[in-house]
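S.K.: Residues annotated as transmembrane segment in Swiss-Prot, with sequence analysis given as evidence: 96-116, 144-164, 176-196, 197-217, 225-242, 247-269. Positions annotated as active site, nucleophile by Swiss-Prot: 203. For 256, the entry in Swiss-Prot reads active site, with the evidence type sequence analysis.
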């Protein structure tokens, strides 16, 4: 699917959808990440040229009677908007691909294992490798499955579902897998320089996704992912709070910072063409 445009008025957006339907073009409306707009998405990319031509006319005269007439032709000008925002389990599962759900469930299983077997027992199998364990390759990523409190795991898994889900849905399972592996290794290495192997959590991967999804949304919104700027600001605030230990929390600051850096760098690389195109306009 291709993102066509973001519109602040949902009713006008629906009128354009109805009008394009008279041309046998199906558009889908979705809420934007900032909550202030709705986005129109095209399912058949072979019709993109036609949509762009019609959209140019629509933006010049959105109140033209032909768009209202199309809504009447569709059946009812007052029909409900065609996007869904109900937060139920079916909706939540639809927003997450197989890798997102698998990692989410693995984290829950490992957390329950830690409650029954104890932190030390589980860490002896999954923690970041010490000097004699570097060939136990799973340890380079499984430290991300370790969580030491209910708040810790809930916070990380909410972010993982929100960011990992949209990344997997729009960019594919392979892209999410690469981001996860690279950021787990890089953030784990960064944290190990300060605390050895005594740490755990998905936070490094989460911060990598925050950086990746935010910058991709800013530079290439047509790719369908993004983080509202308010949430990005909150994430940076939390990063600063960790460094100053404002609430007396034990936070893996190096993992957060390392993850954010690697996520931003990966987004810069994946969206490098957008920077080149923008530079040509100066």
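Each residue, glycine too, has its Cβ placed from N, Cα and C.
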S.K.: Please give the sequence-distant neighbours of the transmembrane segment (197-217): residues at least 6 beyond its ends with Cβ less than 8 Å from one of its Cβ atoms.
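M.R.: That would be 33, 103, 107, 123, 126-130, 143-148, 152, 156-157, 159-160, 163-164, 166-167, 179-180, 182-184, 186-188, 190-191, 223, 225-227, 232, 235, 239, 251-252, 255-264, 266-268, 270-271.
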S.K.: Rounded to an integer, what is the Cα-Cα distance in Å between residue 256 (active site) and residue 203 (active site, nucleophile)?
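M.R.: Just about 6 Å between their Cα atoms.
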S.K.: Tell me the coarse DSSP state (helix, strand, coil) of residue 256 (active site).
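M.R.: DSSP assigns residue 256 (active site) to helix.
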S.K.: Around the Cβ of residue 203 (active site, nucleophile), how many other Cβ atoms lie within 10 Å? Please give the count over every shown protein chain.
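M.R.: A 10 Å sphere around the Cβ of residue 203 (active site, nucleophile) contains 26 other Cβ atoms.
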